[in-house]
Amino acid sequence: MSHNDTIVAQATPPGRGGVGILRISGLKARDVAQEVLGKLPKPRYADYLPFKDVDGSALDQGIALWFPGPNSFTGEDVLELQGHGGPVILDLLLKRILTLPGVRIARPGEFSERAFLNDKLDLAQAEAIADLIDASSEQAARSALNSLQGAFSARVNHLVEALTHLRIYVEAAIDFPDEEIDFLSDGKIEAQLNGVIADLDAVRTEARQGSLLREGMKVVIAGRPNAGKSSLLNALAGREAAIVTDIAGTTRDVLREHIHIDGMPLHIIDTAGLRDASDEVERIGIERAWQEIEQADRVLFMVDGTTTDAVDPADIWPDFIARLPKNLPITVVRNKADITGETLGISEVNGHSLVRLSARTGEGVDVLRNHLKQSMGFDINMEGGFLARRRHLQALAEAAEHLEQGKAQLLGAWAGELLAEELRLAQQSLSEITGEFTSDDLLGRIFSSFCIGK
């Protein structure tokens, strides 16, 4: 498929609605207007017109908007037809447009891809369109809009510009080694480098916040049967999401709930009780539980407080702790405090957090909610934030690593050439975020996840 083709797609969700929009972009958009509307509308004015079939009969009537390139979303000629939102009407109109030569259905995300290729958006802004559509909370939506308006890109471009100036200074020091002043050791380059590193650290902190807003944290509730895992899921979700009985092994599959705590998304996963099971279905559920545990950001180790007084996870169930992935954060949740009479609250035991609560009555659950929020390092008061994806975090981490390596070369051996190379690699990593240095394969993966009409 060529980017020279004219593309068309429905820009509104499928199904019935008050309004249905078809978007056309490309060189043939002008021809589509002449054939379907009988005229070319005045640029950027709403024109109420009939939409005509091949034989001149009306298929529908509605609003036509004409945006001649390059002053359009894609940078190409764009025509939008806003008609009635019935699927049959829209399908007839779409088929009519596709009878014209050189016009085809758009691929997912192709409108945004063309906007990127025509320098109307950088890659981070294009991704923010999808993030804005997928936002699951008000704060995520606001942060996605900030990214779309260029907040994230501006921070990255500032770093790239600072690296460019630093590279010029370093290259000059390399090219003129006979100067009386040793530019590499006079402290100026080190000071500038430290400034860039500090700025990058600040961006990484904000990006981690943005990633939390977009991705959320995956929390798995695990423990023995009848410890109260499903009751805790229901308490956190605020609804009866899981069946709760006194029968051990009631939960046999993975149950997922998506919740928010002060705008922070959490993926709460209830799992089958862990034990040696003879039942084949339960055994499969237990294996799935372990798969979820291995991919978790945090495990809530659910303990029935009526069965043990132990508080150290290694004392409660050493085999379970031994099987957990290394460095996986654990929060011990001693349940049934309404029966044991334990004091509700949170404490620390050998480096692990311990929460005492009653999932059945809900007492102490707010303490757990606050603990989960704090464990993520989420700052609800951070203003002007932006959303970030995992690839953004990786690119920022790679840039930080190159800068640290460059600093080591500067201070350890005054190796200007090696410093210059590390600065170049850091700049390249940062430029991957906005798409200045990005492979075609990555572009394909990013835009293929978009809606068809975007």
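Placed from the backbone N, Cα and C atoms, the Cβ positions cover glycine too.
Taking all protein chains in view, 19 other C-beta atoms sit within 10 angstroms of the C-beta of K120 ((6S)-5-formyl-5,6,7,8-tetrahydrofolate binding site). Annotation source Swiss-Prot lists (6S)-5-formyl-5,6,7,8-tetrahydrofolate binding site at R23, E80, K120, K454.
Summarising the annotation, Swiss-Prot assigns K(+) binding site to N226, T245, I247, T250 and lists sequence analysis as the type of evidence. According to DSSP, N226 (K(+) binding site) sits in a coil region rather than a helix or strand.
Residues or ranges marked as GTP binding site in Swiss-Prot (evidence: sequence analysis): 226-231, 245-251, 270-273, 335-338, 358-360.
Residues annotated as Mg(2+) binding site in Swiss-Prot, with sequence analysis given as evidence: S230, T251. Neighbour density for S230 (Mg(2+) binding site): within 10 A of its CB lie 24 other CB atoms from the protein chains shown.
If you look up Swiss-Prot, you'll see 216-377 marked as domain 'TrmE-type G'.
Among the binding-site residues R23, A272, S358, the ones whose Cα sits within 10 Å of the Cα of S230 (Mg(2+) binding site) are A272. In this structure the alpha carbons, written CA, of R23 ((6S)-5-formyl-5,6,7,8-tetrahydrofolate binding site) and A272 (GTP binding site) are 48 Å apart. Sequence-distant contacts of S358 (GTP binding site), defined as residues of its own chain at least six apart whose C-beta falls under 8 angstroms from its C-beta, comprise N335, K336, A337, D338, I339, L344, G364. Using a 10 Å radius centred on the Cβ of A272 (GTP binding site) and all shown protein chains, the other Cβ atoms total 27.
Within 10 Å of the C-beta of K229 (GTP binding site) we count 31 further C-beta atoms, all protein chains included.
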